[in-house]
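Peer 1: If you scroll down you'll find the structure; I have some questions about it.
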Amino acid sequence: MASPRTITIVALSVALGLFFVFMGTIKLTPRLSRDAYNEMKRAYKSYVRALPMLKKMGVSSILLRKSIGALEVACGIVMTLVPGRPKDVANFLLLLLVLAVLFFHQLVGDPLKRYAHALVFGILLTCRLLIARQPEEQPPEKRILSVNGDEQPLVHEAAPEKGKMKVS
């Protein structure tokens, strides 16, 4: 049976992956929701206006929105479907992306309700990354005592039997 740690990582990976595929798709196309797509277009225009440095670098609101959307879709697919180390890389990239989006929201002075979802999903990405990077718990090793060339398990380290007290 899978460990609770594994179940948690898989559940978070799939949920986060699907969320970012959905959000990235909204940034890329109006097919899922025309209203949300138009809202994204408006928001990214305000982000580029608030950062004139982006304009000087030749980054338009369309390029910024589509780049972020494509990265979200790609990382979301990796988080959902690809096993192993690439999930952690996608998780880290999405976390950086969420931090950038939070910065944009703060820069334009959006109220908390406009970016609360980014905070929540940033926390979930952080939790998933921390859980995934923890080492797997190893079962306790049995110590062996060598007596006259014969190896025997140490009895003193075992838990006391039922009904008996351990005296030190």
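Cβ coordinates are placed from backbone N, Cα and C, and glycine is handled just like the others.
Please treat TrEMBL annotations as automatic predictions, because they have not gone through curation.
Copied straight from TrEMBL:
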TRANSMEM  7-26  transmembrane segment
TRANSMEM  89-108  transmembrane segment
TRANSMEM  114-131  transmembrane segment
REGION    138-168  region 'Disordered'
COMPBIAS  158-168  compositional bias 'Basic and acidic residues'
Peer 1: Give the nonlocal contacts of the transmembrane segment (7-26) in its own chain as ranges (CB under 8 Å, at least six residues past its ends).
Peer 2: 32-33, 36-37, 40, 68-81, 87, 90-91, 94, 121, 124-125, 127-128, 131-132
Peer 1: Counting only residues 6+ away from its ends, which parts of the chain sit with a Cβ under 8 Å from the transmembrane segment (89-108)?
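Peer 2: Sequence-remote neighbours of the transmembrane segment (89-108) are 13, 16-17, 20, 46-47, 50-51, 68, 71-72, 74-76, 78-79, 82, 114-115, 118-119, 121-122, 125-126, 128-129, 132.
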